[in-house]
Each structure stands twice: as C-alpha cells, then as structure tokens.
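Take a look at the structure set out below.
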Amino acid sequence: MVFILLTIFCCIVASLTMDSRPSLCSLFLLLGLILLLVQCYSSSEDNMKTYIVYTGKIINDEASSLIIYQNMLNQVAESNSTSKSILYQYKRSFSGFAAKLTAEEARRMAGLDGVVSVFPNEKRQLLTTRSWDFIGFPEYVEREYNECDVIIGVIDSGIWPESESFNDKGYGPPPSKWKGICQSSDLTCNNKIIGARYYRNDYGEDFLKNNILSPRDTTGHGTHTASTAAGNPVSMTSMLGLGHGTTRGGASSARIAVYKVCWSDSCQDVDILAAFDDAVIDGVDILSVSIGGSDASIHFMDAISVGSFHAMKKGILTVSAAGNLGPKSSSLTNFSPWAISVAASTMDRKFVTKVKLGDNKIYEGTSLNTFDLQGELWPIIYAGDAPNKEAGFDKDSSRNCSANSLDIKLVKGKILLCEDRIGPSEAYRVGAVGVLVQGQKSMDTACSYPLPGCHLHSKDAAKVHKYIHSTRNPVATIFKTYEANDTLAPMAASFSSRGPNNATPEILKPDLTAPGVDILASWSPIALISDIHGEKRKLEFNIVSGTSMSCPHVSGAAAYIKSFHPTWSPAAVRSALMTTAKQMSPDKNPDAEFAYGAGQIDPIKAMNPGLVYDANEEDYIRFLCGQGLNMSILLQITERIINCSEIGYLTARDLNYPSFAFKAPRSKHHLNGSFKRAVTNVGLPMSTYRAFVTAPKGLNISVIPNVLSFTSLGEKQTFTLTVNGKMKKSIGSASLIWDDGKYQVRSPIVVFDERAVNGKGANLYRIYCICIVIFNLLLYIIIIG
C-alpha cells in the first residue's frame, strides 16, 4: 500500500511541476511500478489470510471434491504464489473448504462457477446481541445486588411473557414499592414481569380480528424493546442463523412493568397518557417509550411530553426515541427537556448480501436474506419492463414495483429489479424468485423480505440495470446473508431523526445515541418478522432497526445507574450518561451533535461521572415561565399557584442542562452569548476541576471561573460559559471538559444558525458526497496526465 501511494504521489508531483516533462512523469511512474512489483512479490505470503470458500451443495464423493477444490485453487493462484493446500474441508451438512489466499485470489475465487461466497476467517469470541458489548458493557460487569429492585416500565405493544428473556427463576418477590397490577385473563405475571396493563379507548369487530385485548404482544415490538432493556441472558439465539450469540438486556436483573398502548393500527395519545398516569403511581423507576412523538412544537401539546413531565415530578426518568424521520434536520419529535431523547447509531456488525450476475460480476448489498438459492442463476427482469398494462399501469409506475403494477406473466419465476423499497411486497405477489431493491438513502439498515432479496446501492443497481438491457438472456442469483465487521461504526443511522428541536432549539436534542441498527432481541412468536405482504415467518427472536431499538439501550443503562445511585434525580442520571458518553466525530456525521447529541452511551463510566448537572421540578417550572406559560396553565400543570415574577425566569440557555446549544445569527454577523450552569460533586470529596475547551476556528469560548474546587460530596459550584466570534459553517461543534485528573466531565457545545433549523443542514450530506466525488475525479485526471 505504501508503494501504491508513492506511485500516485510521484505522478502528481511530476504532473504539477512547471515544465511537466513526460519523461519525468514516466521516470517516477516506472520507479513506482518497480517498487510496487518488488513489494507484491516479497510480501505475497505475508498478505495471505485464511478464507472460507462456501460452495453450498454437498458433494457426496469426498475424493472427487478434493480434486475439484484443488483445481479451483490452481485456477486462482497468482504466478508468484507457492502451492496451496486445503486446510479444512466441509462435507457433512454443506460443502466448501478453507485455504490461505491473497485478497486478489479470494476475489478470483468468488467469481468461479459453483462458488457461493468467499469470506475471510474471522477470530471470534462468544458474543451477545453485540450491541451491549460494542458499547463496552459486557455481560459480567460489576452489578449492584439491588438492581432487582429497579423497575422499568415499558410503554409499548405489550410483551410475550413465556419468552426465556422473562423467566423469573432466581427472582424474589417484587419490591415493596410496587403498587401495580396484572390486568389480564390470558397472561400471567411473575417475579420478572411484575405488572401488565393494556389500554384501548375504542375498538370494533375489525379491530378484534387482528388484536388481543390483553397485555400480550401480537406485533413483537414491545417484546423486543423490553428484552433489550431488561431481558435475562439467553444463549444460543439468532434470527434464522444471523446474529448468533446471547441476547440480554442492559439491566438484566431489573423488573419489568408492561403498559400496552400500541396495537395493529396505532398508538393513541389517550392511551399513552393513561399509561403514564398509571405507571407514575405503580412505582416504576424508569419509563422506556419507543414511540414516535407528534408534530407539536409546544411542550404541553404532546402526550409524551406531558406524561414525562409528571413522571419527572415523581422522580421517574422517561427515555424516549428521537424518531425515524432522518436525515432531515429538525425532524426530531420527542424533545422534552425533562426526558432523554435517544438517537440511533450503527455498531461494528453489519449484514452483507451478495448478488451475482450472469457476467460473473458480484455486487454487495444489505438485507437479512436467509433463503438459499444455492448459487443457481435465474432470469432477471427490470420492473419498468413489466408493467401491468391491463390494469392501466405504465413503465413509470411499474419501475417502483407499486401495488398491482406488475404483469405476473412477465415476472413470475424471475428475479426482479425494483427502484423503490416498497418492491418486495409486489415481487412476492407476482411470484418473483427474488427481488433487488435500489437504495435511495444510506445502506445502513438490513431488512427481512418474504423471498430472497437484497438492497443495493443506487450505483450498483444502475449497473445491474445496464446488464439487463445489454444482455440477451440476463440471469442472476442472490446469496444468503453473512455477517461482516463495520469499521466505520459508530455512525449516526440515516433514519435517526435530527435536531434542532422545534420547541426549544437552544436545548440540544437528541441527548444521546445508542445502537439501533440490526438489533437482535426477543420477539412475539405469533408476530410476523416483517410487515411486508406475503411474510409468513414467525420467530422467537428477530433483528430490527430504529430509534425504538436504541431507546431501550439507554433505558437499561439508566436502570443500571439507578441501581448504584437510587436517590439520584432523573436529571442526575441523564447528566451521568451524557457527560461520560463516547465522543463521536462530526467529520463522519455531517449533522454533528444534532445527529448524536453528547455521543454514544458508556454505562460503566456513567456509574461514576464525577460531576452532574442536576435539575429539579422548580428549575423546569422556571424554564416554563421563561417560555411564556401563564399562571393559569402553570396552576394546571403543577397543581399550585406559581408566580413567575417571584421564582424567576430561566431561558433555554440557562436551564441546567449537560449540553450547550447557541442559535446564532447568520454567519456574517458577530455573535455573543452566555450560559449559566451549576455542577454537583458526586466524585471525590476533595477535588479540583479545571476547564478545557475545544472550539472551531472563529469561535472563542471562555469559562469563568475556569477552576472549581470542592471540599465535600453534594457540594455545588456555578460557572458561566461565554461564546463569541463568527460562524464559519451552519453548525459548529465544540466541547467543555471539567478534569480533575480522575474524572473527565464532557459537555458538547453546538453553535448553529437558521440554516440548520430550516433544514439546510441536511444538505451537508449531499455537499460532502459531491466534494468527495470531485476530489477523486480531479486526482484521477492529474494521475493520468
């Protein structure tokens, strides 16, 4: 690689010299090529890795298979390579072999007839669903005995109590604080699921055909989120072989209280509020709400905002999903400053599905394809070439594979290329063998289809389209999905809703991010594994994505912290999670803090954060005064007379939040603003913290005082943070770290202007991609002269 880069550098230097003589460029190029050849020859053995060559169908004659495999090795061997031998042969339940290959040899091997896939031999460990291990929270982490006294209320679609994730073996009776009930005739609570309620304000006969009037989960969603937050460890789990390992919740010893508000048609605000109402009195400690918010931009015109406010008053922390409307800016819906809003991010495991065409070209996409075509090539057709003309559809409508748009006679028995993600349902209806879906957005989420399928990047889908129309009898096959390492993780998920929040832009939302892509967890065995037409599969474990999945990760982490610090307020728990979060890169995530908040959760560090930014009901009431709520409204909310003039007003900037958000004028104007904060010592009794600020060029950020000294636990100190300068971009990322040598208490600082609020910040994705393309094009032009 060094010599490849040297060669490119030499050509660039030669082409950029004043005389640019061809002889000079040729000399550099020749030198580089010589060095490259020497490197390739001398290190070919060093570059070899063990690869698994999967050939699928069983070859009954072992001797014949060995000859076939050796011939395959000879075909792909590089000229300077030593003779190759088969390290291991697979012959009982499937066929294939292992051998040492270079990357180029592996690529050639993948193109041979009869080869299903070629992939490197990974060194693996016994894993969980992966997400908890990825964030540095192993199964056997230090735990408090009283974790079993923490109760997580899950407001969702119910639960499947018979799942092993909720077995109560080893649990004692519920803690004495529990006042809830088990409201069901077809569901029995136990010492793990200590309470269950369901809510439905109105329903008819059609509703009863698709729903069970009980807390029992018929969709799978609630079972998935509950097991992610607090499920018992269950070993040897997978989704049809994918994600194999041990599933578990973050607070695996915590109790679960179920509040079913979501049904096959919707989750209604009236039911959500009723669930909050009961949960607050029942005695839960944490509320996990993986439900999208409303379009309201006023705090008390949103059911979850209202419910979470009253939960906060009773010392209950609400954790909610940020939403799945990304990457559009200002798309975040759950924005309450007294609750946690959770974004979704990727982890270091991804699911890859390969597609092979008749010309031996192979393209990588993503899906959860557990169907095996065994490498057999099938005819492939473009959906735009198969419109259902009898029903009045033309090419423009059929290319997206919309409902009833395809001609069964033309598509049946073929692999179908669609231009929209709605394609699999129509593909199944018309009897397609498989479906390829063109990706319009990021490719970070794998989906299940009721037939062999793959989601391809748009550029690869275009190549497949070109192949179809340039070949007389185009054919293709879709391989089974396999797991691969995602080296770019964590990245903000493309679907995860972005800030700024519409209600109070100067309170940074989302607060945190957690794994929410391709999460394996328990599932209701009477629920389909996908909502695509034609799906018939039902499983006890399923892989799904969304901020619904990241939300219970934070709920479980919050319960873990609560087990060590049962007297901490909701704000203190939130602060601990935010100030210890792992910083993410704005270079990899163009929406910066509006995509991931303070960063990715780190539950172990959050257990002992050093300092916390605390807030109580009085602080939030002063904040509401600052938002302009009048006395009569405050009376309704607080059940007492509030005189804002007497208690004082708090602006959004001065609410004691663990992050800082400053909405600036247009970049051409000078900006100036300040924030007031207070931190409480929960680390060492005698400690001195110093402030360290990082800021982008053009912004000056100061902290007064920049040294805080504490003499006891629980002591509070105040400081003022001031921002001034000029905006260079629509979003500027900075940070403040209080450091005493043992603890580093980090708060994100984001400065933004109206471009970020108006949605222009989302265009940074397009600008970023265009710049990369232009750069590579210019580099290519320079190199070739």
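Cβ atoms are placed via backbone N, Cα and C, with glycine included.
Among the features that TrEMBL reports, active site, charge relay system is placed at ASP156 (among others). The Cβ of ASP156 (active site, charge relay system) has ASP217, HIS221, GLY222, THR225, ALA226, VAL258, TYR259, LYS260, VAL261, CYS262, SER288, VAL289, SER290, ILE291 as same-chain neighbours under 8 Å, each 6 or more residues away in sequence.
In the three-state DSSP scheme, HIS221 (active site, charge relay system) falls into the helix class. The active site, charge relay system annotation in TrEMBL covers HIS221 (among others).
The active site, charge relay system annotation in TrEMBL covers SER548 (among others). Look at SER548 (active site, charge relay system): DSSP puts it in a helix. Sequence-distant neighbours of SER548 (active site, charge relay system) (same chain, 6+ residues apart, CB-CB distance under 8 A): HIS221, HIS224, THR225, SER290, ILE291, ALA321, ASN324, GLY516.
If you take every residue in the domain 'Inhibitor I9' (50-126) and average the pLDDT, you get 74. Sequence annotations record features per position, and here TrEMBL assigns domain 'Inhibitor I9' to 50-126.
Residues annotated as domain 'Peptidase S8/S53' in TrEMBL: 149-598.
Using DSSP to sort the residues of the domain 'Subtilisin-like protease fibronectin type-III' (654-751) gives these counts of helix, strand and coil: 1 helix, 62 strand, 35 coil. The domain 'Subtilisin-like protease fibronectin type-III' annotation in TrEMBL covers 654-751.
Residues annotated as signal peptide in TrEMBL: 1-40.
Take the CB of HIS221 (active site, charge relay system) and look out to 10 A: across all protein chains shown you find 24 other CB atoms.
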